[in-house]
Structures are given as structure tokens and as C-alpha cells.
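Asks: One structure follows; several queries about it will come next.
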Amino acid sequence: MDHSKTKKAQRKKDRTNNSCIFPPPSDLPSAELQCFTYVTNNKQFLKLSCSWDGGIPKALLWWEGPGGQNKSGEESSNILVLSFGTARNERAYTCYAQHPLLAQHKTCLVTLVSVSKPILTLRDFPVEGSTIRMICSVKNGTEPIQYMWQRQSLNGNFSTFSEGNQSFILMTYINRNHTGWYRCVVSNVVNTESSDPFWLDINFGPDNPQINISPNPMMDRIHTAVELESEYVTLETQAVSLMCQAQSNPPGQYIWFFNNSQIHNSSQLTIPKILRNHTGNYTCSAQNIHLNTSSSRTINLTVYYPPAGSPSCSMEPARNHSSLRLICSWSGGFPSPVLHWRGDLVQNLSDARQQTNLLSTSAILLPSGGKTLNTSLSTCVGSHPALKQLTECSTRTFIPSAEPQCFAQVTDNKKDLMLSCSWDGGAPKAFIWWEGPGGQNKGGEESSNVMFIRYDTAHFEKPYTCFAQHPLLLQPKTCRLTLVPVSKPNLLVSDAPEEGSTMSMRCNVATGAGPIQYMWQRDTPTGDFTTFAEGSSIIINKVNRSFTGWYRCVASNSISSESSDPLRVDMIFGPDDPQIDVTPKTVSERGYTALENEAVSLVCQAQSNPASQYIWFYNNSQLIYGPQLTITKILRVNAGDYTCLAQNTFLKTRSKRAISLTVYYPPDGSPICSMEPALNYTSIKLICSWPGGFPSPALQWKGDLVDQLNSQDSSTILLPPGGLIPNNSLFSCVGSHPALKQQTECSTRTLLPPAEPLCFAYVTNSQQHLMLSCSLRGTKGFCMVGGPWGPKQRWSRKLQHPGPSLRYCSQWGTLHLLCSAPTSAPTQDLQTDSGGPRVVDPTQSHLCLRRN
């Protein structure tokens, strides 16, 4: 379709319909020309593209490259497609953009650079189970750059295991199988390069050690229902060698432990002659020092040895205590020894049953029905492979010599009552059971020496009977227990216990079956009671105030437990040293301080029981009774020592404490400022005074020169000499006092005399001295020239500019300048022709004297 003809027809139509027509607008693109490169997903082509968006009309774009790789003179030529690998290294590809509004076209360049040889580095330390980062560094090369990660296989070739556009690769959970040669291969549109192979050495281990025992023991491994891989046995005195191996990189170091104690540093542990005390746990610990890791394995090595001593014989009742069972034991040794019984009773039993295997057992049941005689003897014979001779033991049956004993005990919550019975001694032990009133029985069972009864169903003051049956007796023995609970106890305490004295307590019970136990209890901060002593009475020495509180005693027997009513024990003590609180509280080195005319309250407290009574003293004069002393408007005359006396009228004891109270009051008026000459009239001393008040007021000078001196905290300040003080300088002194809310100040000002100095001279009556005087409007200067009348000398006053103004004074002796008046004029010298002493003449006036 011809767009130009369409536009002309439209314009002609618009002219007929409108009186005024504007041409279409034109504009340049707002952005700059940009170039891009990217590779197709199949890596077969490289696309160079450029864009210059916007503008009316759109710009014409085309590419020009080296070696005839061009695309120009066509519309929509902003893309140049190159076969992958055909790009020219370090040669520019140019995109041109032409717009009708520009006389010159715009360009952007793309230079394709071949990739340099990559360098493969490892970022992290390679430890098995960790994550490492391999980095493939390329110094030069046009993006995009493709990275391939390769590893050498067993046949020596490298195979790719990962690729992408990132210069690094993360290998997670690495293990020892990742050890080997690696390299990275980089490529772009220009070329491909490979790095030098890099050896990746994975550090690992040590693995769990493997322990081999050689030579094989006489009895190899213990076999049970479940075979234990870590259990080994050997005979005493045999030579044993243990070898430990554990996979590790770098190779591990080995340490042997016997029952957690280090014994050897090597992979092999040899015991040339093993003994029974060598039985135990042998642990091989493998260590990787480089990784600071370790692993271990433990085996148990048992040494066969015979049991110590001889067999032990005993007997126990059987068949509800109507028969006896003989038991033979021989602890220790490995393996267990062989045991068998012999004796008349045992032989007769074997003959009667025609069973020879009864002789080879460690436990035999004897006949019942009281057929076993008292003091019957039976013997057990033991044998062991490690022993050459047999060893034996014997046991004898007998009836307990004492009678059965009965006891009763109640649970803490009084829900159950426990009756127990014992008949100690005898061989074997007797069979015991209980029978009580109302059918409360427990019999015919083993271990029935205890009977529990609900407390509310117990029959008090009626007998409960315990029966004890022994296999050697036809009839059981008995003991009886009558239940009588304890009554409510009564607590008695010594009167008014004083701190430091001895306190006694007694707990009385009217009724109760013995034995009765007593416990003493005291209340705690939580409101509970805790036990602190036992016995029907207690004595506490050197009691103190901490013993004040509620006490009770608890009486209990085997049937019941009762507590007395709580009784409060109130310790008598004090008074302690008083504590004085001052309001308002202001403390200084002298003690407490207060401002004049303010209200002051002093409160005295002293620990005491009964409570203390207080008396206040001022400078040893009694003031008032009571813990608080209030001064509504304190004055300076009220300053002094205040003493609080605390009294315990019951104990007739007392204590006291004194404090010093200082009253601050301000000085009268305001500060006074003055100044005076200093340093032989070469400087000025500022003086600020404000007498009166306590403590003394704080005075500070203010002004430019004072700020430079950094001496604001001094009432007297020496200003710098040498004419550095300006005329008409103002200095202010600011005064402050703790008793005043506002500061007050004074000022002084420096002024030069308005007129010139006047000089005078006269001779003393004795004509020994010549006096020169100088007056400067109130500022005094004094000069004295003296000495013997000597030969003619020439004196001169040397000005700053020597010339016609030079004057001479002669026929005078040695002159002495005693003092001078300060001035701001330049310094000038007065000297003799013969080089006499030089003095400073700070005035501009001069006086010439001649002796006739």
C-alpha cells in the first residue's frame, strides 16, 4: 500500500474542511543509541542488536562489521546474526542510526574480545561434608562467557559435570570420592580456553576405627543370644596384640586408652603378659590433627581368672515357709565356677528321688513338714578351670533366738496406718503375717510383714497380732500391738527472752502410745512451718531478734501425729544505733547543710523491741521528746550538733547518734570590684571581694582578656603585661551563693591619664642625692639619681630616632633610676658614654640637668 498517496489525499480533504491545517510534528528520540549482544539457547548464533527508541519518524538502523559482516541499506536492520565462533577477535562491530533531523548519524560499537586462559582456584578449605566454592577467573573476554566444569575420569579424559554462565560453582556435601583433577573451560563467541588441571584433595576422617586382635585368643569371641562384636576374652598370662586402623586424610594418629586412661601412642598395642587387672575397656582414638577431628572405638577384653576366696552358702524358706532351699554362690572369676551340694540331707534326698543331677546344682529344695532338724549342716563344693583343687562352704539351719517385734506408723495425710512386724535372725528368715479385729487380716502371702489399714477404719485400743512362722517350727510365734493415738500437745516457753540470753521450750502430751517423737517447727515468710529441731524440749543459746516468730511443736507416735497451737515468741532487744534522716537532705564534708529560712525535719529511728523512746538534744541541751524534730524556719544561729537519744525502757538500755547541721546564709550587698598596678607598674591586678556569708560566695571575672586567661574561677586575676591591655577595658565580677537564687555582679574599667607627664628635680640638703619626680595625672612615678660627684661624665637619652634631638647632660656622677611611671609609649634607654647601666624610661618626657 502506498502510504504517501494516502497521506496526500487526506491533506487535500482536510484543506476543504478546515481553514487552517498544521503539519504533523517531528521529534528526535529522547534516549541514546544502545547496543546489545546475546547468544541463542542452542549456542549456534550470536545476535548483535541496537535500539534507538522513540522519535518521529523512526530512525534508520544498520550494522557494519569487519570482513564484510555487514547489514545495511535496509529497513529494520538493527539485528546482525553471526554464526557462533565466526566473530572477529578485538574488531569493532558498529551500529549506525540515521534520523532526518540530524545531519550526522549516531553510532555505538561492540568489540568482541576472546576469552583469556582461565585460572581455577578454590575458595574454601575442602573438608568432607562441607560446601566448597570453585572459582574460574577470566581476565579478558566479551560477555556472555560460558563456563564448563570438568573432572578427570579413570581413563584420563575430562568429562563435564556442570556448566552455566556463572564463574563459580558450589559443591555441597563433598566427600572423599570427590578427590581428583578438575578444570574449567570458558568460551564466548570468539574462542574457547581451558584452565590448568587443579588437584582437589578432600580432607576427611578419621572414620570409626577397626580393631583386630592377634594372635587369636584361646577362646575366641563370646557368643551369646546376640553376638557382641566388641566383646573379647583371653586367659590370664597370654600375650595379646591389638591393631587399630581408621581411614583418614591426612593419615590419622592413634592413641590407646585403658578404661579412659591413656597408655600408648601407636596404632598397635601389645600386652606381652596379660593379667586379670588388664580386663576392661580398650579404646583406640584416631585423630586427624589437620582437621582437629577424632573418632574412637572401644572393645571390652575380659581375662579369664578363678573367683577369689571360696563359695558362699545360704538358705531361704520355700513353699510358704514349710520347707528350705539351699543356695550356693561363688562370686568373681570368669567363667563362673561349677557348684554342687553334699551332705546327709542332700544325699538322702538324691537317693530317695534317684536323681544324681541334684548334686550338681547350686540350689536344692529340702523336704517340708518340719522334717529338717535344727542346726542341720549342708556343704557346697566349688570348682573352676583355673584352679587345681576344689573349695567348699557350709551352712546350718537354726531358729531365731529373739521374739518377734511389732511397730505402727501413720502416713503424713492420716489416711493410712501401717503395721509392721520383724523377727530378725535365724536361717532362713521367718514368714510373717498380720491378723486384726474386725476381719482386718493379711496372711498366707510372702513379704506380708506390713499391713496397711485405713486410718478411719482402725480399731483403736484393740490388739493387732503378728504371726511369725519358721520352717523349723511346727507352730508360729506371735506379737501384739494396741493402737493409742497421741493427744494435742501443749507448748511452754521461757518468759520474755532477751537477745543474747538462753531460751527453753517444752512440749507436753497427755496420752499416746510410745515411743513418741517430737518436732519443733517455726513459721516461714510464705506462711508455712518448717522443722528446725527434735526432742520433747529444746534449749537455744544466745538468741537474737531473728528468732522472733510463731512456733509450734508436733508430737507423733506410730499411730497419729498432732500439732500444738502456734505460739508467738517476741524477742526483747535494742535499741540499736539510731539512724537520722534529714529532709531536705544535703550532705557536705562538714555533715548536713540547710539554707537559712527553709523548713528542716530530722527523723530518728532505732530498732528496738519494745519500741524506742526518743529525746532530741541541741549542743547537749535537751529540746523535745519524740522521733521527729521539725524546725519550721531555720536560722544561722540554729547551726550546730543535733543528738538523738533512743531508750528501751523495758531493758533500761539506750543508744544515741549526733549529726552536725550547718546553715548556709548569703553575704550582704553585692561584690566590690577594684584594680591595682602590679609587676612594677607593667601589669594590672583585678581584685573582687564580697565579704560575709557562709560558705564564702563564688566569684568569677568575665571579659575578653579574662576568657583568654582561662582563670574565671579566681577572685584575683593578674592581667598580661607588656602593654597588651587596651584602654577603656571593662571587666565584670559575677558573684553567686547557694542561698541566693540570682547572681549579682560589679564592674571596673581601665583608663589612661588624659595629659602628658610632668617632670621635676631637686637636690637633697646634703647634696648627696638628686631626686627626679614625675607626675602623670594621678599615676605616681619616682626616679632617684644619686652617687658621688666624680669626674666629668656624659649621659645621653637615646631616642628611637637619633638626630638633632639628641641632648647631653654632663658633669654628673653615677645616676640611679629608682622607679618609673607606666605608660604606653615605646621604651627608651638612658645610658652613659662609658657603657654604664641601662634602665627603662617608659615616659616620653625628658629632663636635662647640668651641674654648675
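Heads up, the Cβ atoms here are built off N, Cα and C, so glycines get one too.
According to TrEMBL, the compositional bias 'Basic residues' annotation covers 1-14. The annotation region 'Disordered' is assigned in TrEMBL to 1-23. Annotation source TrEMBL lists domain 'Ig-like' at 23-116, 118-195, 209-300, 311-391, 400-482, 489-570, 578-660, 667-747.
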Asks: Mind checking how the domain 'Ig-like' (118-195) divides into helix, strand and coil residues in DSSP?
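Replies: Going by DSSP assignments, the domain 'Ig-like' (118-195) contains 3 helix, 40 strand, 35 coil.
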Asks: Between the stretches 209-300, 400-482, 667-747, which wins on the count of C-beta pairs under 8 angstroms to the domain 'Ig-like' (118-195)?
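Replies: Against the domain 'Ig-like' (118-195), the leading stretch is 209-300.
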Asks: What are the DSSP helix/strand/coil residue counts across the domain 'Ig-like' (23-116)?
Replies: 3 helix, 41 strand, 50 coil
Asks: Averaged over the domain 'Ig-like' (311-391), what pLDDT does the predicted model reach?
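Replies: Summarising the domain 'Ig-like' (311-391) by its mean pLDDT gives 76.
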